Amino acid sequence: MGSLCSRNKHYSQADDEENTQTAEIERRIEQETKAEKHIQKLLLLGAGDSGKSTIFKQIKLLFQTGFDEEELKNYIPVIHANVYQTTKILHDGSKELAQNELEASKYLLSAENKEIGEKLSEIGGRLDYPHLTKDLVQDIEALWKDPAIQETLLRGNELQVPDCAHYFMENLERFSDVHYIPTKEDVLFARIRTTGVVEIQFSPVGENKKSGEVYRLFDVGGQRNERRKWIHLFEGVTAVIFCAAISEYDQTLFEDERKNRMMETKELFEWVLKQPCFEKTSFMLFLNKFDIFEQKVPKVPLNACEWFKDYQSVSTGKQEIEHAYEFVKKKFEESYFQCTAPDRVDRVFKIYRTTALDQKLVKKTFKLVDETLRRRNLFEAGLL
């Protein structure tokens with residue numbers, strides 16, 4: 001009898017402890033749910049190489065504490081890999097052009113650089129790259145200065161040569177220093193393919209200011225095979241920030257060299273717009289890589305892209321660049337309204353000219369995005 005009472009007392013204490021733990025868990029869940037309601041989700045989308053991951057890194061630098069020394073050091077192998085990959089692309093591209101072009105001779109490497117090129121191409125094809133040494137830098141610089149490589153570079157849009165090629169080649173000595181720690185500029189130029197989902201929480205007016213909105217920004221893989229992973233992020237998103245690299249109108253995809261990058265961006269933009277879960281979602285379109293766009297327009301006709309085949313040049317210099325930009329902007333506006341059902345026209349749609357590497361411009365742009373979304377929230381609450 002006493003034993004039974006003792007057991008009942010024990011069970012009663014256990015139940016009380018369990019109930020207390022359950023109540024605590026429920027309380028914390030309720031608190032977290034309330035806190036989550038005040039956090040606005042932003043989904044950062046765009047095709048591969050649109051510059052969206054650079055935007056993501058800028059947010060970390062601008063509205064958080066940036067990268068600590070350990071994080072910076074983690075970029076060393078990434079930057080070294082970028083150097084080797086760029087070198088391989090240029091070397092292999094020159095070989096291909098030398099075999100297929102009428103003016104093949106200008107793509108032929110000098111005798112002394114031929115062996116160097118083969119060695120560096122082999123390194124660039126490995127899964128694990130060696131640390132960048134002074135001797136390897138000497139070889140890379142010799143290859144980079146070869147007239148055949150410089151001629152190949154002029155055909156970079158056909159060969160998947162990254163935008164950061166010049167930056168890397170100009171900083172080889174610094175990258176190979178035994179005491180090298182990447183700068184924030186190095187990190188911004190570093191290219192690492194986004195696979196899966198990464199997120200960051202920030203406030204454009206500073207975490208300590210109570211009036212500031214808090215955002216959670218999600219960056220997802222841009223290549224085609226990554227897009228199926230986006231679905232679980234779609235519901236309940238405050239805004240989609242869509243990055244379009246407007247400078248890539250004459251380039252093809254990394255994963256499908258038959259497909260024009262701008263056409264892929266157009267199709268992706270329209271696909272996202274038509275998703276039912278975005279019917280009330282605000283859209284912020286970043287027409288990115290304007291710095292490269294303004295350099296390219298005078299050299300490469302905009303109608304090199306099928307989508308822009310009706311483009312007609314009207315002038316030269318800055319006036320022509322502005323005309324070209326406004327044409328591209330109008331094309332995206334037309335796509336937006338064609339893909340937006342009549343009952344969705346009240347959702348916010350804004351277009352921003354951006355250069356992901358320009359920190360001041362990115363900061364200004366996100367302040368404008370913040371202002372737009374705050375006004376939208378006030379309007380929906382009936383306060384405007």
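Cβ from N, Cα, C; glycine included.
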Where Swiss-Prot places region 'G1 motif' among the ranges 41-54, 83-96, 125-138, 307-320: 41-54
Swiss-Prot annotation of region 'G2 motif' - which of the ranges 141-149, 186-194, 267-275, 321-329 it falls on: 186-194
Region 'G4 motif' according to Swiss-Prot, located in which of 60-67, 244-251, 284-291: 284-291
Binding-site residues compared (Ser53, Thr194, Asn288) - the one with the fewest other Cβ atoms within 10 Å: Thr194
Densest Cβ neighbourhood among Asp163, Asp291 (binding-site residues), 10 Å radius: Asp163
Residues of the parent chain within Cβ reach of the region 'G2 motif' (186-194), under 8 Å, 6 or more residues beyond its termini: 48, 52-54, 57-58, 61, 67, 72, 75, 78-79, 82, 162, 164, 167-168, 171, 175, 219-223, 226, 356-357
Intrachain neighbours beyond the region 'G5 motif' (354-359), with Cβ under 8 angstroms and 6 or more residues off its ends: 51-52, 54-55, 58, 61-62, 188-189, 243, 286-291, 365
